[in-house]
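Chemist: I'd like to ask some things about the structure below.
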Amino acid sequence: MTISMNMVETIGFSVILLILGRFLRKRVSFFSKYCIPAPVIGGFLFAILHLVLRSQKIMYIEFDDTLRPFFMTIFFTTVGFNASIDTLKKGGLMTAKFLAAAIILAALQNVIAVALAPVLKIHPLLALMTGAAPMTGGHGTAAGIAPTVEAMGMTGAEAVAIAAATFGLLAGSLLGGPIANRLVNKYKFSTKHENIKILVDDEEVHADLNASKFLNAFFYILITMWLGIYVSRLIGKTGLLFPTYIGAMVVGVILRNVFENTKLKVPMNEVAVLSDVSLTLFLAMALMTLKLWELASLAIPMVILLLAQVILAVVFIYFITFRIMGKNYDSAVLCAGHCGFGMGATPNGMANMQSVCERFGDSKVAFFVLPLVGSLFIDFFNGAQITLFINLFK
């Protein structure tokens, strides 16, 4: 039996899976402990169910994911709006140093992926789907980049990227605390203990929203997406291959930084809400349409690639990030955070740091630097270097 869902049915079904994911996240401690997003929970569980139904020839389900690239482009447009040069300057030297460490790790994640590709006898682009896109980028970047690679004939690229991102969430959450614990004990750091409460849930509290500003934010995003189409076409004439959203993201960066020097201001609270909504719906649709059966022939290479990524991240963070950030207590806490977001997502990094600080004491520097880099800047730089690697190995 084959069930075909149209555009409205597909988006409606994705919302049902999203609600299911939010319900399970509140009821099952495993999901909340490791900061696994609700759309990943609901969408991935359905993808597994679909795999079983398909393998047993019980049911085939087809989706119309027309709205998926629309939500994806909205999200990456908001990423562009977040890249404020003024904000980076205000973050100071510590922010710049941590951003540099994050960019270097992301580049190395891609290097090790393509270096192992010939050894494992798979295409470098497929191996790249276990690199910086799912690791430093998380599910959002993985699901955004993978369709471009899959369109180049790399069957299974999307399933590999999403599976790698899910693995990274767990690995980053499990290893961040032990790394910081070893560093603190080895160097005998001490700090005054303070009780802290850090928001690590994906259901963040936003400031009161203004309807007029919300509408303006939506208009800014739509106009930016429109202008981005022409930028993408212009970039495309270079012969290089770029994800479909790259033009809108570039225009978003330009407009945000131009507006900061004029009377026009981007309503960032409202942009943040639109970012959350678009990413959530995009991820739900991406996860539920996963073709997990395409992973069968890639199981062994994937395991090797992912283990290599874990070893790389742990070694880099322990020896490099720690030293770049100053070899002090703040840098040890940031190592826990870097492990969380360097293999998973910013909320995982925040959760890791909270766990460390509850035991050893507060680190205001760490809790300022990591969300600034993880939420505002790394996606832009990561997307740029991933695009470079795709063009080098296409």
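Backbone N, Cα and C define each Cβ position, glycine as well.
What TrEMBL records for this protein is below:
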type	residues	note
TRANSMEM	6-24	transmembrane segment
TRANSMEM	36-55	transmembrane segment
TRANSMEM	67-86	transmembrane segment
TRANSMEM	98-120	transmembrane segment
TRANSMEM	159-180	transmembrane segment
TRANSMEM	217-235	transmembrane segment
TRANSMEM	241-259	transmembrane segment
TRANSMEM	271-293	transmembrane segment
TRANSMEM	299-320	transmembrane segment
TRANSMEM	365-393	transmembrane segment
Chemist: Considering only the recorded stretches 6-24, 159-180, 217-235, 241-259, state which has the highest number of Cβ pairs under 8 Å to the transmembrane segment (271-293).
Modeler: 6-24
Chemist: Taking residues 6+ outside the transmembrane segment (6-24), which of them lie with a CB under 8 Å of any CB in it?
Modeler: 31, 37-43, 45-46, 63-67, 280-281, 284-285, 287-288
Chemist: Is the number of Cβ-Cβ pairs under 8 Å between the transmembrane segment (217-235) and the transmembrane segment (67-86) three or more, considering only pairs separated by 6 or more positions?
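Modeler: Taking Cβ pairs at least 6 residues apart, the transmembrane segment (67-86) and the transmembrane segment (217-235) are in contact, with 3 or more under 8 Å.
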Chemist: When you check the transmembrane segment (98-120) against the transmembrane segment (241-259), do you get at least 3 Cβ pairs under 8 Å, counting only pairs 6 or more apart in sequence?
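Modeler: These two segments do not touch.
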Chemist: What parts of the chain pack near the transmembrane segment (67-86), using Cβ distances under 8 Å and only residues at least 6 beyond its ends?
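Modeler: Non-local partners: 7, 10-11, 140, 143-144, 147, 220-221, 224-225, 228, 243-246, 248-253, 255-257, 260, 266, 268, 271-272, 274-275, 278-279, 281-282, 285-286, 289, 375-377, 379-380, 383.
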Chemist: Using Cβ atoms and a strict cutoff of less than 8 Å, what residues sit near the transmembrane segment (241-259) while being 6 or more residues removed from its termini?
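Modeler: Same-chain contacts beyond the flanks: 69, 72-73, 75-86, 144-145, 148, 152, 220-221, 224-225, 227-235, 265-266, 380, 383, 387, 390-391, 394.
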Chemist: Sequence-remote contacts (6 or more beyond its ends) of the transmembrane segment (299-320), Cβ cut-off under 8 Å?
Modeler: 101, 104-105, 108-109, 112-113, 116, 120-122, 127, 130-131, 135, 160, 163-164, 167-168, 171-172, 175, 179, 182-183, 335, 338-339, 342-343
